[in-house]
Amino acid sequence: MLRFLTAGESHGPALTAIVEGMVAGLPVTHEYINTQLARRQGGYGRGGRMKIEKDEVQFLSGIRGGYTTGSPITLQIANRDWQNWCHIMASGPDALLDERVVTRPRPGHADLPGAIKYDHSDIRNILERSSARETAARVAVGSMARCLLEELDIKLVGFVCSIGSIKASVAENLSIEDLVARTQSSQLFCPDEQAEEAMVKEIDQAKETGDSLGGVFEVRVYGVPVGLGSHVQWDRKLDSRLAGAMMGIQAIKGVEIGLGFGAAAVPGSQVHDEIYYAAQRGFYRGSNRAGGIEGGITNGEPLILRAAMKPIPTLYKPLRSVDIKNKEPYLASVERSDVCAVPAACVVGEAVVAWELAVALMEKFGGDSLGEIKARLNQWQQWVRQV
């Protein structure tokens, strides 16, 4: 069973994750993980925190000589900003709990419901954990899963489809090589240069007015074998699990797979993908409006997922709120934040998709070592070609 937990606060000493169930013999390097962490910190519209942090992973267990051992993997990412908060966020009784107290919840954040649920008079106890800073740990964990996918010839790419009112035009038949090249050269991870220019202007305008912007990103996965997931129970449907993982990313408010919500607006004849057969190829679809999943099971076509991110709740022109201490109306508190973090969310989206696919692969093929799962996947693919 492949699973993980993360721990840590935004201004605590570090973020930590423990991964259990990863196969032995998987090559994993600091450089690979750090590259993905750097991507998460990039993107136009980020805030001042990114000038402080330079995320780097440290492996504390489970990896030796650049390869996983099969033991639980402990990884840690230090928070460089900790030195500015060590007295306030200290775990001991000497913590300066009366400093930087937050009592004015931000609309759209976990602040108020979290403070009520956990009976906190200082909202900092909520916002420190609910912060998207936690996603750095999930990117590190998901990057390990991505290493496994790449060893199995499964490749994925994410890109930004829209920011605010600006939508990119991205052809469905673009190769993964073209998509990767275009997104890598874009400061917004957007493969449409003209749309990117307009997005930058809209972000600048939002910054000038103290506002924030959301958007949509897409993740495509190529080389996914037939048969991951299952139709037999709701919680084994792969589309359900992928959507849940995407919705678990901070600020994500909607997820669609394939044609998604667009399928509700057209007749079935324009939704469902017709099935064909060729001796050298086997069964295949003439289109991919299902996004690579039918009945909760992968069908061999590329996976296509999109997620909608709401604008960040922290506004430099804050909205009206109420102080939880004196119940008087105030403007919401302001924490250091981004204007737009859709590109960063895209990187997190890649990571959580990679993780869920790794879990599904382990469930389907099992194995304790990389060689074992490779052999079982190869055997399965040979059988599928004969069906």
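Using N, Cα and C of the backbone, Cβ positions are placed for all residues, glycine too.
FMN binds R129, S130, S131, Q250, A251, G295, K310, P311, I312, P313, T314 as Swiss-Prot records it, and from the list R100, R104, R146, R336 the residue named for this site is R336. Taking a C-beta cut-off of under 8 angstroms and a sequence separation of 6 or more, K310 (FMN binding site) has the following same-chain neighbours: G108, G214, A251, I252, K253. The Cβ neighbour count for T314 (FMN binding site), using a 10 Å radius over every protein chain in view, is 22. Looking at A251, I312, the binding-site residues in this record, the fewest other C-beta atoms within 10 angstroms of the C-beta turn up around A251.
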